């Protein structure tokens with residue numbers, strides 16, 4: 001049985017200081033299932049991931065918090081410990097070193113720390129790890145390019161995005177809810193609005 | 001005679017008479033559990049009564065109600081007579097319907113013997129008329145203090161014929177006997193202990209479990225409102241959460257020794273969890289909780305040992321009692337092995353399997 005009250009508390013707690021921590025959690029696709037969440041972390045400064053916003057798919061097993069949450073990068077990222085193919089993460093606290101005193105927020109913060117401190121000796125993606133060790137410069141360039149290409153979120157504020165989409169002729173409340181469900185991605189929101 | 005009967009007030013830790021009590025304060029003695037109402041033929045509780053419904057032979061019932069109630073009020077222990085041989089014949093409720101249906105109050109009036117509470121009241125009023133206890137033969141230390149004042153407020157105030165106890169600064173009641181120093185000390189000691197327990201309980205209310213993120217003492221079911229103390233560190237969890245975590249199957253990918261037995265917060269290994277209703281604030285308090293828990297377990301027979309029929313996987317370090325049916329305790333046999341360097345090592349329970357592997 002999933003500890004619903006704990007998950008709700010965690011969500012409230014995590015989203016209280018999003019601006020400072022740089023991590024946030026929302027229900028997956030704006031649904032109501034507490035076992036499917038999506039997390040967002042901002043790329044740490046002074047790394048090739050700076051300026052990027054990374055989406056993480058979170059699935060809570062029924063034994064949570066006594067079993068670790070399952071986390072995977074949705075946003076493509078070039079990192080020795082994250083699969084460049086499917087976003088699988090190699091991090092001990094998400095496996096055998098999980099502890100029930102850890103939370104989704106601390107797990108996301110650990111991912112953020114992993115971005116700034118890769119562990120090439122314990123790789124998830126051998127190709128990236130090889131490049132990290134042998135040709136660090138190329139690694140840095142690729143990681144930065146991937147951040148620009150896949151993780152860049154326009155710097156425009158949410159209000160401006162809403163205004164832009166409303167000007168295109170969509171009702172305001174629909175625009176707001178759509179933007180929220182895609183975590184503020186303007187293009188994705190437009191796509192959804194057009195297809196609906 | 002009554003010195004052999006365990007004082008009921010003492011039993012509940014609330015006897016105001018201390019060593020002056022005419023009833024026994026020795027835990028070895030048995031309390032008198034005979035229902036005085038049943039002796040008179042009317043107990044409104046019937047077979048639900050918490051006291052024994054047994055018939056006591058005629059001569060003892062001469063003053064049945066004075067056994068517990070009146071004697072405590074008057075402290076006149078000459079009145080209390082109980083023959084050395086008490087022959088009790090247990091009756092399995094011959095007429096349960098009459099004793100249940102008829103109210104005790106109405107029937108008591110029709111009976112020649114008055115109920116105990118009326119008698120006690122009479123004694124009280126008679127003392128009132130005498131304007132205080134007779135000073136000729138009763139020393140102040142032998143007089144009981146006013147029980148009304150002791151339990152809060154005496155309606156008679158200054159006109160009360162009984163001695164009013166001094167105010168206990170801890171519980172705020174007039175329950176310290178002015179002429180019995182030992183009793184005073186005992187009460188203050190008890191009060192201190194109770195007070196400390198209450199304080200600890202109050203502080204414990206605020207403690208949150210780091211796993212379920214709830215206040216431990218506000219959990220929905222009573223069984224969950226307990227802390228699980230780890231032997232090696234001081235991080236608070238509720239008993240259900242920490243047990244749940246530690247009983248997690250290693251098949252889930254977690255390592256037993258580095259993760260499951262470790263504190264979820266500091267990852268320090270602890271080999272056992274101690275349940276407790278209060279959270280401690282000092283090392284000594286924790287030790288006290290741990291010790292009393294171990295003593296309690298030591299009095300319970302180990303289900304694995306099963307009076308010598310089974311084998312306990314914990315061996316001699318088991319917290320439970322390893323005793324045979326005849327009460328004999330299991331002998332602690334340490335097998336000494338001479339190590340190569342000349343020192344002696346103590347072998348643990350050597351098993352069949354390990355012998356083969358070693359050989």
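Just so it is clear, glycine is given a Cβ too, placed from its N, Cα and C backbone atoms.
Values in this document were obtained by computation on a predicted structure and should not be read as measured data.
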Which stretch does TrEMBL mark as zinc finger, out of B:296-325, B:326-355?
B:296-325
Write down the single range among B:112-139, B:140-167, B:168-195 that appears in TrEMBL as zinc finger.
B:140-167
Look up zinc finger in TrEMBL and report which of B:1-28, B:57-84 it refers to.
B:1-28
If you run through the domain 'C3H1-type' (B:140-167) with DSSP, how many residues end up as helix, strand and coil?
10 helix, 4 strand, 14 coil
Tell me, what is the mean pLDDT of the domain 'C3H1-type' (B:29-56)?
79
